[in-house]
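Engineer: Next up is a structure, given as structure tokens.
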Ligand code: NAD
């Protein structure tokens with residue numbers, strides 16, 4: 001199932017639950033604007049390559065468009081549209097004054113040199129410069145885009161405007177207007193939600209096993225938070241491999257992070273310069289990792305990981321979605337029937353965009369907060385909106401995703417109606 005199809009099924013289900021005004025529903029089914037373009041890049045060997053780029057602005061009823069840029073070989077318009085729609089729901093679900101957007105480039109950034117990556121990023125900024133800006137649309141990092149890439153985009157946009165515009169993107173390095181805490185914000189927000197789940201289900205973290213798919217910004221920071229809180233991390237994967245613990249003690253996040261940073265792969269069994277206990281781990285496939293018996297499965301890679309094909313074999317009790325769209329809408333139904341609690345992306349990973357919002361506020365005010373202030377404000381937003389969504393879930397005996405969507409849709413409908421659009 002294509003990501004956009006899943007996304008629109010989720011929309012319909014929640015719209016039915018709250019009897020959403022049909023005109024509002026029709027508006028939310030379509031993006032406001034799609035910009036599709038090509039980016040010519042001079043490669044280091046003198047040849048020219050043309051990359052496909054996208055920016056989809058879904059809805060801005062609640063504020064400027066907001067959403068990351070993905071550099072991935074499989075990025076395409078359907079994926080960017082779905083991600084852009086989910087951003088609209090997410091910003092409304094946590095009550096921050098933004099609409100939703102997303103961008104992408106079909107590229108494998110791992111094979112580009114730094115110079116090529118910089119030229120591609122600046123090319124992207126030039127292609128979208130008329131439609132982005134602090135009051136219009138504010139991009140941020142997503143899969144395989146980094147604070148450095150955000151700094152290049154900010155620099156290119158600032159040259160175009162003729163003055164410094166830090167608020168045009170978020171997720172920047174601290175030195176050029178980034179926020180304290182933005183680097184770990186997605187995982188930190190997800191961890192606050194995990195703490196609420198643990199409280200609701202009366203689980204003891206120290207007796208709880210965790211499997212994490214994806215070991216990038218979202219996944220490895222989450223591994224670190226879980227490790228420090230005493231959870232037992234029994235499985236981890238990245239795009240190249242998956243490892244499973246054989247000792248019963250779980251992985252030490254520091255060891256895995258060190259290896260990932262050094263080798264670019266979570267391959268503890270092949271480490272040479274770093275001491276590690278290779279005999280205690282086994283390699284499995286990513287597909288097997290998802291089916292591992294565990295208490296909590298954290299999805300922090302890409303869309304469509306749990307689908308109708310493997311949902312029957314999922315043994316986790318709770319699924320926490322740090323990735324966007326990792327569970328198809330068909331699989332969602334089955335998980336609900338099986339009594340597996342899915343904590344949806346549009347809430348679980350909203351810490352990233354929430355601290356992006358804080359970064360933008362700080363840029364506009366040119367006044368910067370401490371990390372403690374950032375996390376206090378983040379926690380309040382995550383916890384309060386979780387509580388509201390949980391209440392909707394309980395009252396309607398529905399799944400948590402539909403409840404979070406319902407919360408978001410009520411807010412979107414109010415904004416669309418207040419503007420007099422319908
Ligand atoms: P990242 O580029 O930092 O890391 C991506 C990770 O996923 C890498 O470890 C990569 O090896 C792994 N991966 C890729 N394909 C995989 C596969 N098939 N199986 C297992 N692992 C695979 O990206 P990120 O920022 O951590 O993003 C991960 C997910 O979280 C995405 O869905 C993204 O949209 C979502 N997300 C990220 C943020 C953020 O602030 N970074 C915010 C909200 C949502």
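Keep in mind that glycine also has a Cβ here, set from the backbone N, Cα and C atoms.
TrEMBL annotations: computationally assigned, not manually curated.
Feature list, courtesy of TrEMBL:
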- 66, 90, 356: substrate binding site (BINDING)
- 102: active site, proton donor (ACT_SITE)
- 142: site 'Important for catalysis' (SITE)
- 186, 217: NAD(+) binding site (BINDING)
Engineer: So which of the recorded positions 66, 102, 142, 356 sit close to ligand 1, that is, with a CB under 6 Å from an atom of it?
Structural biologist: 142
Engineer: Cα of residue 356 (substrate binding site) to Cα of residue 142 (site 'Important for catalysis'): how many Å, rounded?
Structural biologist: 12
Engineer: Looking at substrate and its recorded binding residues 66, 90, 356, figure out the farthest C-alpha pair and report it in angstrom, whole number.
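Structural biologist: Max Cα-Cα spread across the substrate binders: 13 Å.
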Engineer: Using a Cβ-Cβ cut-off under 8 angstroms and a sequence gap of six or more, which residues of the chain neighbour residue 90 (substrate binding site)?
Structural biologist: 100, 345, 346, 347, 349, 350, 353, 408
Engineer: From the Cα of residue 102 (active site, proton donor) across to the Cα of residue 186 (NAD(+) binding site), what is the distance in angstrom?
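Structural biologist: Answer for this pair: 16 Å between alpha carbons.
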Engineer: Of 102, 142, 217, which recorded positions are close to residue 66 (substrate binding site), meaning a Cα within 10 Å of its Cα?
Structural biologist: 102
Engineer: At 10 angstroms around each C-beta, which of the binding-site residues 186, 217, 356 has the fewest other C-beta atoms nearby?
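Structural biologist: So among 186, 217, 356, the binding-site residues given, the one with the fewest Cβ atoms within 10 Å is 217.
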